[in-house]
Amino acid sequence: MVRPVFDAAVLSGRSDIPSQFIWPEGESPTPDAAEELHVPLINIGGMLSGDAAAAAEVTRLVGEACERHGFFQVVNHGIDAELLADAHRCVDNFFTMPLPEKQRALRRPGESCGYASSFTGRFASKLPWKETLSFRSCPSDPALVVDYIVATLGEDHRRLGEVYARYCSEMSRLSLEIMEVLGESLGVGRAHYRRFFEGNDSIMRLNYYPPCQRPLETLGTGPHCDPTSLTILHQDNVGGLQVHTEGRWRSIRPRADAFVVNIGDTFMALSNGRYKSCLHRAVVNSRVPRKSLAFFLCPEMDKVVAPPGTLVDASNPRAYPDFTWRSLLDFTQKHYRADMKTLEVFSSWIVQQQQGQLALQPAMT
């Protein structure tokens, strides 16, 4: 089968799109999925200001949301509005470049960073109608983002790298503050998860969803749960994010002053299954492009992911085996297309690997 080249400048105006982009009936979007999902609006500044009543209310709201579907929104977050505007302008500047220029940062097979046009190199069917640019961000290496952008796209794009270096720094700060809230809501204290993620090795992703002339037969991003720990998403003013809860798809309306936050598989494991990594997707429309900024908080690559002992007892045994973020990332890049069962399948895979190693040990001695 010939793999299609996803060039938004060509395909966004066509109705005769390649069949690889058509999703099966039952998986494609329906018009009735526009019902809004009302998620808690969390005043993170109030939580951290020392106001005990505000902190208690935030802790309660976050706990309820995370046990139900794992989504909430954060306001009063301290992110400068001009930085947000710059970050969105840079999305426009990058994705409106000619395809050959974007492909200078082309994502290589088996890697999680780089430019991807609909993941045509990874998958043969049910392709997402989108382009992405992904790169790593680590607090321990402040130059990492700029160095990557300049090395792949050239010196002319240094400012783009500088904007996202600042943005990632702010996202790391905000994510650690959210970790304090999550720790408090789980009863393990504010410091536990904050310490775990202080040396994070995270992923920043720019998403661009071009218009599609067959929006009810395609998806910008297919149904999946994020394998990472925490996702902090800023949407433009074009809706498209949908969450599957209570047996149906529901939309989260964009708010310019808010970030959408959701629990990922790795944090679900860190909470011993208490907090949910929920199924979600992105839909497209036939009129205008949609853009979003996604920061995926991840642990350091070889840090062992395991819940605190206080969340494990006879009534709540271990839900998942120990693993490292490196092993889960490799699994999703090389062995398994992330979906709603990623953590379950990965856990079984780990157990099989461990059993295989144990079976080999007697023969090796």
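Just so it is clear, glycine is given a Cβ too, placed from its N, Cα and C backbone atoms.
Site annotation (Swiss-Prot): Fe cation is bound by His224, Asp226, and the candidate from His192, His244, His280 recorded at this site is His280.
Between the listed binding-site residues, namely His224, His280, the fewest other CB atoms within 10 angstroms of a CB are found at His224.
Within the same chain, residues at least 6 positions away in sequence whose Cβ sits under 8 Å from that of Arg290 (active site) are Asn207, Tyr208, Tyr209, Gly220, Gln235, Asp236, Val238, Gly239, Gly240, Ala282, Val284. In the three-state DSSP scheme, Asp226 (Fe cation binding site) is classed as coil. Here the domain 'Fe2OG dioxygenase' (199-299) has a mean pLDDT of 96 out of 100.
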